[in-house]
Amino acid sequence: MGSNMAENHPVGFQWVMEAKLKGAPVIHVDPRFTRTSANASFHVPIRAGSDIAFLGGVVHHILENDRWFKDYVLPYTNAANIVGEKFRDTEDLDGLFSGWDPAKEGYDTASWQFAGMAKANSAPEGQGSAAKAEPSGGLGGGLAGAEPERDETLQHPRCVFQLLKRHFSRYTPEMVEELTGVPKERFVQVAELLCANSGRERTSAIVYSVGWTQHTVGVQLIRTAAIIQLLLGNMGRPGGGIMALRGHASIQGSTDIPTLYDLLPGYIPMPHAEDLDLQTYLDGHVKSGGGWARLDSYLISLLKAYWGEAATPENDMNYGRLPRIDKDHSTYRTAIAMLEGKVKGYFLPGENPAVGSANGKLQRAAMAQLDWLVVRDLFLIESATFWQDGPEVAGGQTRPEDCKTEVFFLPAAAHTEKSGSFTNTQRLVQWHHQAIEPPGDCRSELWFYYHLGRVIREKLAASKDPRDRGILELTWDYGASGPKAEPSAEAVLREINGWDRAGRLLSGFAELKADGSTACGCWIYSGIYADGVNQAARKKPGSQQTWVAPEWAWAWPANRRQLYNRASADPAGNPWSERKRYVWWDAERAEWQGEDVPDFNRTKEPQYRPGEGAGGDAALSGDAPFIMQGDGRGWLYAPSAVLDAPLPPHYEPHESPVRNRLYEQEANPMREIYHHPLNPYNEDPEKYPFVMTTYRLTEHHTAGAMSRNVPVLSELQPEFFCEISPELAELRGLEQGGYAAIITARGRIHARVMVTNRIAPLQVAGKTLHQVGLPYHWGQRGLTRGDSANDAFPIVLDPNVHIQEVKAATCDIRPAERPKWP
Amino acid sequence: MAINSGPPPYPGEVLVQPVAGDEVGFFTDSSICIGCKACEVACKEWNNVPVDDIRYLNSSYDNTGELSANSWRHVSFIEQKRDDGVAWLMNSDVCKHCKHAACLDVCPTGAIFRTEFDTVVVQADVCNGCGYCIPACPFGVLTRREGIVDQPAETHVAQKCTMCYDRLKGGDEPACAQACPTKSIQFGPLPALRERAQRRLDVLHQEGVEAARLYLADESDNEVGGAGAFFLLLDEPAKYRYPERPITPTRRLRGMWLAAAAAAAVVLAGVGAAAASGRR
Amino acid sequence: MRNPLARWPAARQLTGRDRSGRGEAARSQRTIALQPRTHQADRVVQSICPFCAVGCGQRVYVQNEVVTQIEGDPDSPISRGRLCPKGAASRNLVQSPLREYKVRYRRPYGTEWEDLRLEQALDMIAHRVIAARREGWQDADADGRPLNRTLGVASLGGATLDNEENYLIKKLFTALGIVQVENQARI
């Protein structure tokens, strides 16, 4: 669901095809019948934006029919936890939870907490109370204070299990049909197949991609899947799990070693304004139990990696040099700041927001307000040339001589022209070796940023301004050498891995210290250079290894290929079944063994129980597999770490032609709406009666730079098209192969018409609902050109992660003349 | 000898390595084709097949259209509306490397020859572009390459799949078969591929996919003497725009030559006899 | 072949096994000499596909400092030598006729691109970063709590960058007080 794996991850799909050939049912739930559907056991068409209703229906089915995996759920999840008396569910408040503050458009989550907790607030400082607070970093949910009250019989009316039942009680097959357009028989068949293929002997996996994340309820969507997988006992077990298929070579790495405003490397939260000093920061973030309890050693080692000798206990490890965040500084908020003239300069290394971000028109207008822009790419992309040949120039609204932005285009080196590591979608860090020297002015990002830093430091060398101490004290020596003075990527990787005072490369994050005696650029990657060997560059052929292939590249953390794999054994440490054997307790050797590196304290026996006042890993018992959570349990109910709901409700997309049949509250009350003249929303469903959704095609790559400029790919999908059903074509008088205008409050975009039965109309809430499919690869440049689908979508975001809703919005569609392509 | 493209995706199937003298070929199993077109691209990358015309064909996801001098692999997309929903058939087409290859029969220059792997290859450096092979092919595989500016030497030359003859000579499998993500395209010794295809067909029939069938796997459905590239299809060949019963137009050539020779002998004999009698 | 006559296909046809001239006798010298170009490579470099996040293994063949072929790496337990059309097009990507090899510069209100030396571009950008950083600097918030940051500069990076590159970007920009550092991962 929310993924078109065969089209967007074809080589990964080989494993799905093999599983299917071995008898595994493959179900594809998607608005369109795609190349994935064609190769699935069967396809379930669904209304875009109604996935929580569908998944909530599955939860309902599991609970009503008693199909949950009791031996797994009781010990491994928080099903038995009792929630405080003041909690009110969406069932009570018609789509809102208790604690809603309409003025702040956010929740006070105090009433969401468990009963019996001393200070039941796992969230970082300020998060538990403040509306519109920023989610902080990637910390798993922590739980401070005492153990919550539990009812192991699951009978208590306020225990999580009973709350869950009640929360989803109206998500019946009939309701699912009404909301999603999936006939109830079909829905029950899917739910039953999931149940029948889960348990001791079997596991089921759920695969998603941006079809789930690009919604105003993206995080809650994935939360619903997590609830299903916990109830069915599919987490931490081979063949189970929830797999996020990510679209770019190192997009996983880009979050691990982030270039994200709210994160430092290894999901360490960026300091907020209230984190006045190191101690305040640590007090606010360190959790009593679980892996995050050692955050102090992770952060201090990072500060040592950044500032080396300049970071000392006397100066708070240079913590004061870190910039602070106090609000949303994400890319869409920043685009608005550009429009307001607040941002002077902008770097775009390998990114093309003029095509790839929601509301391309706003993105281009924002860039036109910059003083200067640096674009680094293989090609002259739309974001570099918007002043020259953007749609607004072609349409006569602006002229090049009116645009003030100074643009530097610097050609980039290709992957064959530099060494470095990509982290793939399963956390596998794989090294790619340089094959040839980059031609002409082409340079790696490593070269550019290293030398940019070098020149800036040279220019500021004489500065006495305390604001410049941070950049001047930075350690910045990566062995630049050779004719182009290329820095060594391996030197950077060694810093990421970390070393001790003697310069010895660390073997893993367990060695990190909070006293300043270790330096480490990213704690979760520590061990990647263990024994002085680039572990990511290991290329032992798969054919010479076990099926887990642990000696191909390196997976974070600690080369674990599957996270939370302690759950592949029962509470006593024995495999749930021989068939699903993965990691188990070896009583004779008194340690965990398995096909993989156990994701657990290797010598902690299953019977271990924490003593009074235990902290960190010692606070987790021997049968608590989810070790990055403060309580070691899988969270069916999330009292913190997510801002908008402790249990996922179905909300309509921001733009929807359908009323929410479940609650008075139509859409996610916390969704981030950007009122701006350039960002109008479709208000009238009568005027915009159809649902539109964006997606990718096998033959192209995201915003198109890496495919529209490649001849052999351009010829395979040479024109922007929209997919519509024969019924919609008839309704609007659209012709196969003709042209259509897709009309929204943002304007009109034009596309070729592909009439196909693969995008069937659905019966939703008693009415026929039509959907329009829009691949978003095109722009004004390249070998194949066309309007950009993202120009039709507004900016409206998920509140937890600030991701835009481009998987469901509304539109009208009408016949149009053949447009004059730029 | 070339390696084969393994491992096959079917449970329990084993690798069969070709040995010297084996006839090799492609088995394209359309029931596991995901329509990604990796074969088309891998072929173009390896063989430097040019991109000729970037245009929208208004034909589902197919913008290649047909096999030609500039497209040696072609994935077809056939959308069908059925009682239980929709079906989208995908199949990667390729030169069939016929055992009785009409293109080879009619080639007057010796540009087309049969290789030691029992495949049929056009030599661009020998071909004079006469074009006799084009109408001779019962599958419409061959055309002449025209107007490719950066490869002038190959202009007007007939081109088609070589089954990566150079790779085979070096012991490598063809580029398309190596790239294919699901191993819908399988390369190997033809007898082993035929057995594997039959087993796959049996499984599909057991699963109730009654329309599944093999195409060109033996000589029973064609008069091209069997093929070096055969297919597992999920509908009638015509739905994939294949001829139901392809015929090598030159297949009676040998018989015709014999008949002509016999006639000539009779004539000669008659002439001889007449001359002899005339001398009398 | 010592006998020059033997290079003539007709002679081979008459003297060899292939009397019909449809098999080996028909082979041209070029055909006879044919070998996969990968076998002539000076080196083979193991790489990873730059497109999606499956992370397929690639082998990059280099001859005379030119990439002559990129194909799947059979050693990879992830991809087992297979590639999708994008991965298979990797050589076409890095050798695209549309690729840019020179720095391009567009001055404010300019109507055309201009040339610029790489070193000069770097120097100009460094200068502008320092100025924009100062212009957008914030020492503290309204309550006097330190912010120690600038809102004058922003960055949005693609997710095809190496981890090491991302590390340097974050480190450099954090030390400069730049917080609006974002990535495709947000999108």
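Cβ from N, Cα, C; glycine included.
Per TrEMBL, the features are:
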type: BINDING; residues: B:Cys33, B:Cys36, B:Cys39, B:Cys180; note: [4Fe-4S] cluster 1 binding site
type: BINDING; residues: B:Cys43, B:Cys161, B:Cys164, B:Cys176; note: [4Fe-4S] cluster 2 binding site
type: BINDING; residues: B:Cys95, B:Cys98, B:Cys103, B:Cys137; note: [4Fe-4S] cluster 3 binding site
type: BINDING; residues: B:Cys107, B:Cys127, B:Cys130, B:Cys133; note: [4Fe-4S] cluster 4 binding site
type: DOMAIN; residues: B:24-54; note: domain '4Fe-4S ferredoxin-type'
type: DOMAIN; residues: B:86-117; note: domain '4Fe-4S ferredoxin-type'
type: DOMAIN; residues: B:118-147; note: domain '4Fe-4S ferredoxin-type'
type: TRANSMEM; residues: B:255-276; note: transmembrane segment
Candidates B:Cys33, B:Cys36, B:Cys95, B:Cys127, B:Cys137, namely the binding-site residues, that fall within 10 Å of B:Cys161 ([4Fe-4S] cluster 2 binding site) by Cα distance: B:Cys95
Proximity to chain C among binding-site residues B:Cys98, B:Cys176, B:Cys180, where any Cβ pair is under 8 Å: B:Cys180
For the domain '4Fe-4S ferredoxin-type' (B:86-117), distant same-chain residues with Cβ under 8 A (at least six beyond the ends): 2, 22-26, 28, 30, 33-35, 39-40, 60, 67, 72-80, 123-124, 126-128, 130, 132-133, 136-139, 141-142, 158, 160-161, 163, 165, 168, 176, 180, 184-185, 216, 223-231, 233-235, 239-240, 246, 248-251, 253
Which listed residue (B:Cys39, B:Cys95) has most other Cβ within 10 Å, given these are binding-site residues: B:Cys39
Around the Cβ of B:Cys161 ([4Fe-4S] cluster 2 binding site), the count of other Cβ atoms that are within 10 Å: 29
Long-range Cβ environment of B:Cys180 ([4Fe-4S] cluster 1 binding site), under 8 Å and at least 6 residues apart: B:Ser5, B:Ala38, B:Cys39, B:Ser92, B:Gln186
Cβ-centroid neighbours of [4Fe-4S] cluster 4 site B:Cys107, B:Cys127, B:Cys130, B:Cys133, 8 Å, sequence order: B:Cys103, B:Val106, B:Pro108, B:Thr109, B:Ala111, B:Ile112, B:Val122, B:Asn128, B:Gly129, B:Gly131, B:Tyr132, B:Ala158
DSSP-assigned states of the domain '4Fe-4S ferredoxin-type' (B:24-54) in counts, ordered helix, strand, coil: 13 helix, 6 strand, 12 coil
Length of the line joining the Cα atoms of B:Cys164 ([4Fe-4S] cluster 2 binding site) and B:Cys33 ([4Fe-4S] cluster 1 binding site), in Å: 21
Coarse DSSP state, helix versus strand versus coil, of B:Cys176 ([4Fe-4S] cluster 2 binding site): helix
Rounded Cα-Cα span from B:Cys36 ([4Fe-4S] cluster 1 binding site) to B:Cys176 ([4Fe-4S] cluster 2 binding site), Å: 12
The one of B:Cys98, B:Cys127, B:Cys130, B:Cys133, B:Cys164 whose CB sees the fewest other CB atoms within 10 Å, among these binding-site residues: B:Cys130
Near-A candidates in B:Cys39, B:Cys43, B:Cys103, B:Cys107, B:Cys130, B:Cys161, the binding-site residues, by Cβ under 8 Å: none
Other residues, Cβ within 8 Å of B:Cys43, B:Cys161, B:Cys164, B:Cys176 Cβ centroid ([4Fe-4S] cluster 2 site): B:Cys39, B:Ala42, B:Trp46, B:Asn47, B:Trp72, B:Arg73, B:Val94, B:Thr162, B:Met163, B:Pro174, B:Ala175, B:Ala177
For the domain '4Fe-4S ferredoxin-type' (B:86-117), residues assigned helix / strand / coil by DSSP: 5 helix, 12 strand, 15 coil
Inter-residue C-alpha distance, B:Cys133 ([4Fe-4S] cluster 4 binding site) and B:Cys103 ([4Fe-4S] cluster 3 binding site) (nearest angstrom): 4
Cβ neighbour count (within 10 Å, all chains shown) around B:Cys43 ([4Fe-4S] cluster 2 binding site): 26
Between B:Cys36 ([4Fe-4S] cluster 1 binding site) and B:Cys95 ([4Fe-4S] cluster 3 binding site): CA-CA distance (Å): 19
B:Cys130 ([4Fe-4S] cluster 4 binding site) to B:Cys98 ([4Fe-4S] cluster 3 binding site) - Cα separation in whole Å: 21
Under 8 Å by Cβ from B:Cys107 ([4Fe-4S] cluster 4 binding site), counting only residues of that chain that are 6 or more apart: B:Tyr132, B:Cys133
